[in-house]
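Written out below as structure tokens is the structure these notes cover.
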Amino acid sequence: MNLINMDSENRVVLNVGGIRHETYKATLKKIPATRLSKLTEALANYDPLLNEYFFDRHPGVFAQVLNYYRTGKLHYPTDVCGPLFEEELEFWGLDSNQVEPCCWMTYTQHRDTQETLAVLDRLDLDTEKPSEEELARKFGFEEDYYKGTLSWWQEMKPRIWSLFDEPYSSNAAKIIGVVSVFFICISILSFCLKTHPDMRVPYVRNNSVQTANGSSSWFLEKTQTNAHIAFFYIECVCNAWFTFEILVRFISSPNKCAFIKSSVNIIDYIATLSFYIDLVLQRFASHLENADILEFFSIIRIMRLFKLTRHSSGLKILIQTFRASAKELTLLVFFLVLGIVIFASLVYYAERIQTNPHNDFNSIPLGLWWALVTMTTVGYGDMVPKTYIGMFVGALCALAGVLTIALPVPVIVSNFAMYYSHTQARAKLPKKRRRVLPVEQPRPPRLPGQSGGVSGCGTPGSGPNSGPMGSGGTGPRRMNNKTKDLVSPKSDEYTAMIGKNRGDGKMGRLL
């Protein structure tokens, strides 16, 4: 009997979320400086009637926590979200870095998800109209908004910005977005079509010459061709819209520095500025011999296609995918350069071993071009090896190129699928969530003349139902049983006070 009593005294009962766990006190002492290693009967969450400690925490996670005390190995339950698991470990005083290697990848997935969601927040992919409070906070008018002292400009500035920079904020913003995309497409189409021979007008010059008999004659000479005048007017209209759009967006922007530093806006500045520079050069530098070379810089107008990212979340995700896959792309370029140099050198010497009068590889730099088009599986056919050893080197080059390019592609595809799936999930989530208010658990009344808690209930001012701080909280479900165990039959005044406070008659029946 003594052995049985000693064994029962060494055991402890833990009620976590309504599920009772029983273990030895020595088991909880294996990991010191944790919540379970400091259990005493003086704690507020100890129930002397049931002889158990109650914690209002997640029972599924606690099963793994208790198993950690028993075996020394912390495993991650797959049916629990990562942040919840971290919060529970923090409550029990355990280090989340002690998770076993077999569960580490699964456990850390939520951190990658949180980083992905943070990136998507920076991309501003929300297509719903922001509220007036959010706009006031964004533009720094929050205090004036709450006071109701917004000026005319403070009210108009967010509306103008939403019209020109947030295409999904209203129907008018959608119309302006469609107009902007229309001018972008017309500008790019005009830039491409004006180089077509059928769209150009020949520049004819009348030359006069002296004949052998002393008379003068003339003939027409076509020296060059110029783009049709209609393309000039089209570009004037398009760039007038782009200039107006830039000025309006800059004036109404909430942050001028961020607006100027934006990569898409920088492209817009340079593309619009190139048009005006081209006009000046045509007016004052058209007589120069190399004036046509200056038109090369107008190719920056093609970069206006990146402005479409403001109107398409898919393009934003694609650009972010390449940013996130920068390491894989760098590794791909490194292995491509390495393979190009190796196979260019091999094919150069392989073609010189045998007699080859039609050798296309006269130098290693020429072999670099052949190795590049071979490893990328393009194969123009302008340079081909003609010896058996050179053909063998060409076969190895093609195989190495396929393997080199194929390896990082799944990583890039996986990143795109990850961003796209999270974007679709965010779009389906409700924007307004129900708030959960922090309600403090009710505390039992104190005995007359006592300044602290009842003896055996823990620290002064605490009770069996004192909030989640330190004890996890017990709730009102065991107030009656605990109070009956603490109150003596002589305390009629205390019994009457409890019945008055409860008002349900249950305490009178218990006593």
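A Cβ is built for glycine as well, from the same backbone N, Cα and C atoms used for every other residue.
Feature annotations, reproduced from TrEMBL:
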type: COMPBIAS; residues: 450-461; note: compositional bias 'Gly residues'
type: COMPBIAS; residues: 482-493; note: compositional bias 'Basic and acidic residues'
type: COMPBIAS; residues: 501-511; note: compositional bias 'Basic and acidic residues'
type: DOMAIN; residues: 10-110; note: domain 'BTB'
type: REGION; residues: 431-511; note: region 'Disordered'
type: TRANSMEM; residues: 175-193; note: transmembrane segment
type: TRANSMEM; residues: 329-350; note: transmembrane segment
type: TRANSMEM; residues: 362-381; note: transmembrane segment
type: TRANSMEM; residues: 388-413; note: transmembrane segment
Per the Cβ under 8 Å criterion, with at least 6 residues separating them from its ends, the transmembrane segment (329-350) contacts 322, 361, 363-365, 367-368, 370-372, 374-376, 385, 387, 389-390, 392-394, 396-397, 400-401, 404-405, 407-408, 412
By DSSP, how many residues in the domain 'BTB' (10-110) are helix, how many strand, and how many coil? 43 helix, 20 strand, 38 coil
So which residues does the transmembrane segment (388-413) touch in its own chain, when a touch means Cβ under 8 Å and the partner is 6 or more beyond its ends? 321-322, 325, 328-329, 331-332, 335-336, 339, 343, 346-347, 350-351, 353-354, 361, 371, 374-377
Report, as numbers and ranges, every residue of the chain located at least six residues beyond the transmembrane segment (362-381) whose Cβ falls under 8 Å of a Cβ in that stretch; write 'none' if there are none. 336, 339-341, 343-345, 347-348, 394, 397-398, 400-402, 404-405
Mind looking up the mean pLDDT for the domain 'BTB' (10-110) in the predicted model? 90
